[in-house]
Structures are given as C-alpha cells and as structure tokens.
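Read through the structure below, which is laid out as structure tokens, and then see the notes.
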C-alpha cells in the first residue's frame, strides 16, 4: 500500500497548496498544474481541477498571471482538442480582472487554444465567449474581447460574421478610451480575416472613425494599423482610402501621432508602390523630417535610407538630400545620431557623383561632430560609401578625419576605429596602410584604457592574417618586442597578451627565436601580475613550440615561478607545469 501512496502524497500536497494562505506556495502549485493534471488524469482534470480554478480566481495578480500562462498549454491534459472548450471558462474570468498583464496573458492563451479548436466548437463555445466579453459591464472584459475577434471570425457562419463585425464597430466607438485603444491596436489582425467585400465597406469605415478619435492615444494606435490595412487593400484602394488619412496624420496636432507616422510610413510606401509614394507621400515625409519635435525628426531620420531606396536618384537628390543636410546640423544630438546611423546607406541610391558632391561633405561634418555617438555611427558604416566612391577617394576625403578620431578623447570612439582598421586595411592595401595607419596600431598598445589596449592586441592578429607572416615579422614583431621594456607594467602586460595572440599565427620557429626569450625574461619582473601572466603565456606556447623547447626552456621557467612568494603566480605556474606533464604523458 505504501508504494501506491508515496507518489500520490506530493500530488495531494500540491492540491492542498492551491488553497494555502501563503502566496508563494500557491504560486509554486499553480506553476506545477501540469503535474497535478497528469496525476489526476484527463477526466478528473476536466471535472474537478478546471472548475476549482474557475471558482478560485480572486487571488494575487502573480498567481493569476501564472494560471493564465499554464492554461494556454493545457489542452493535452484535458483530453485533447475535443475537450478544449473546458479551458475557456477560467480564462474568460481572467480576461475580466483589473491587472493588465493578467488579461493580456489570458487573451494570448485563449488565442492559442482557439487556434487549435474544431470549427463547430469555435462556433458553439468560442464565439459566445467573445460576445459575452464584448458586452461586459466592466471595461476590462471589452478590452480583452478586442484581441479575440480574429480567432472567432473565420469559422463563424455568415450571420454571425455580420454580428461580429457590428460588435467590433461598436467597440471602436466605446465610451471608454481603453476599449477604443484595444480595438485600434487589434484592427489589423481582425481586418486580415475579413472578406474583401466587407474590408472596404465596413473595416475602412471603422478605421476612419478611429483616425478621427479625440484621444491621441487612440489615433496613434490607428496609425500602427494603417500599414497592415494597406497591404490588405488593392493599391488603388490604398491610394484612395489610406493615403489621405496618412497625409493628414503627418500634420496631426499630437507629436506622438506624427512620430508613429514617421515610424510606419516606409511600410505603407511598400504597399502602395513607387508612383503614389513620389506624388503623395514624399511631401508628407519631408514635412516629418522638418518637424518641430525632435522625437519626430529622430524617427524620420532613421528611415531616410529606406525611403530613398523607393525613390529615383533624382527625387532623392531633390527632396531628401536638402533635409539630410539640415538634419546633419540639427540642434538635437539624437537626431544627428539617428541620421549618422543610416546616412551612408544613401550612397548606392544617389550614385557616385551625388555621393562625392553632396553626401561625403555631410558625412565629414558628422565625423567631426562633438558627440561621440554621432561619430561612432558614421565610422561603423564607412564601407557602404567605399563600395560606391572607391577607396582612393574615400581615403583622400575621410581618412584624415579617421586618423584624427584615432586619438579621440572618448575611448569608445577610439575602440570603434580600432575595430574598423582591419576592414580599412584590406581595402587600402599594405603600402597605403603602412604609410597612414601602421603607427596608430602600435600607439594603441600603450593607450590609457584597457579595452583599447586589448582591442589593439587583438587587432594585430587580424592584420597579420591580412598582410601575411613576412609583413608581420617586419612591421609588428620588432615594435612589439621593443615595447616589452616599457616602464609601465600595464603596457608590459599588453605586450605579453600580444605575444600570446601572435604566436599561433607566426608559427613555431618565430615563437621560439623571437617571442619566447621576451616571455622568459619577463618572468624575472618585479610585478606579480606580470609574472602570473608570463605563466599563462608560457602555458599557451607549449602546444606551439617543439617538445624539446618546452622541456628545456619553458619547464625550468615555470618551476622557478612555482616557487614564487605570490600565491597567484604559484597557482598559474603549477597549471602550466600540469599542462606540460599532460602533454608529455599523451605523447
């Protein structure tokens, strides 16, 4: 008997914890509902557990949120899709609670369940649930109902469909702004399920009503849906119904609505095609680029390249470039930063001549901007201009500014330049690189900021791979070894890091003849941090050098370090000795 009771006892405990006064115990139990359901079996879950959950919904929000999430994946535990309807009742109740996150999770779970239910069950159970919520006395139920129409509508018979469209229309005119907001944000999903005949007649009327709402929070959510609606309509209908609304919205009294238009306009351009974009939407976009509010200009500036790609080079040159020039000296650094992150992408659209005459001067002014984020965004996209104008012209116009930025007072700007150097090196070629940028790469190894020194060390391996071992032997190794005697111990540590990075690329011969002696010499350094880094570098050199070198040179050095007075030095030295012993044994 005890063998039967043992596995059941924890289940009984979990069920008891569902009613416990301690919220944490109730929460733990709710999160293990699937375990309880498996123990009870499908029938008892349907007849006992689900009704219990439906009745016990007056709980803490955290418990209700966990319950709403668990019930969304509960279909297998109630007997499959044939019995999915039993899950609707507790979730319907959760759709009416005051806490927004609980309602949202309940709606999401209902959508998941509804998408798996059979058509007749949707008509018999899901549609009535939507209608009850939509007619709810408390606004929370009506808010939740708006998110369920796109699941209920496709399976409904014609008469019910007409009723559902009518109910949705009423929700869009509800007295409570929260309901209208929910209806506006879910309109796109609902419209995607509605037949074309009703789309133009009824859904567009609903959309027009929402765009004229006196609450800007409702109007801006209507803006979110216009791109989705535009893709559902034929291009000519989109031009007739959507574009006039958007042109008005681009001049809306609320900056939040204009901001949303600036964010969404590009998607509508894709839906209506190039011709209506050129005639109707370009003036609206130019207006947004020159908006009074910085937030609107930021959103519009961030789309400048995508918008230009839809236009012909002539139109982009005539309408967009003048605005870009204005924005490059905008009073808001965030506008300039948004512009800098995308402006280089305009080069392929404008072509070589316009890029040289118009875009490069703007880019140069942004490269010299007083705020580091603006400079960073330009640096990271230089390769897009290079593809259009070529490296010779780029180096003549922008390289002096890049060299200047390499010594920028903000370390993140210097870091961005370092990360761009390998790409620039491959484009400039070895001769040009040696003349202009080679010295900089070595200077960064002695920067005051660790991240710069570390990135500069990592840069060396990428340059060695790009230009070859012989070039590295001539231009990198001698300068690295010269810095090994730097009076500052942090710089000496950077050199050790550089050696450990370069050794695998340079090969065994150079590692033994040039690099290893420097490391061994550093083992006698007076700074403990240097010595334990020597131990780590020696350990990394073991697989690269010959076995005889490891035994005759590296091993004695590590033995000496293992007897050091500093505990960290001894630790890393012993690790190095273990790796040599392991390598010897494996041979």
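Cβ coordinates are placed from backbone N, Cα and C, and glycine is handled just like the others.
In TrEMBL, annotation is done automatically, which means it is predicted and not curated.
According to TrEMBL, the protein has these features:
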type	residues	note
REPEAT	10-48	repeat 'HEAT'
REPEAT	164-202	repeat 'HEAT'
REPEAT	203-241	repeat 'HEAT'
REPEAT	242-280	repeat 'HEAT'
REPEAT	281-319	repeat 'HEAT'
REPEAT	320-358	repeat 'HEAT'
REPEAT	359-397	repeat 'HEAT'
REPEAT	398-436	repeat 'HEAT'
REPEAT	476-514	repeat 'HEAT'
REPEAT	515-553	repeat 'HEAT'
REPEAT	554-587	repeat 'HEAT'
Positions whose Cβ lies under 8 angstroms from the repeat 'HEAT' (476-514), at least six residues beyond its ends:
442, 445-446, 450, 453-454, 456-458, 460-461, 463-465, 469, 521-522, 525, 527, 529-530, 533-534, 536-537, 540-541, 544-546, 549
Long-range Cβ neighbours of the repeat 'HEAT' (554-587) (under 8 Å; 6 or more residues past either end)
516, 520, 523, 528, 531-532, 534-536, 538-539, 541-543, 545, 547
Apart from its near flanks, which chain residues at least 6 from the ends of the repeat 'HEAT' (515-553) lie with a Cβ under 8 angstroms of it?
477, 481, 484, 489, 492-493, 495-497, 499-500, 502-504, 506-508, 560-561, 564, 566, 568-569, 571-573, 575-576, 579-580, 583-584, 587
What are the DSSP helix, strand and coil residue counts for the repeat 'HEAT' (515-553)?
29 helix, 0 strand, 10 coil
For the repeat 'HEAT' (242-280), provide the mean pLDDT of the predicted model.
80
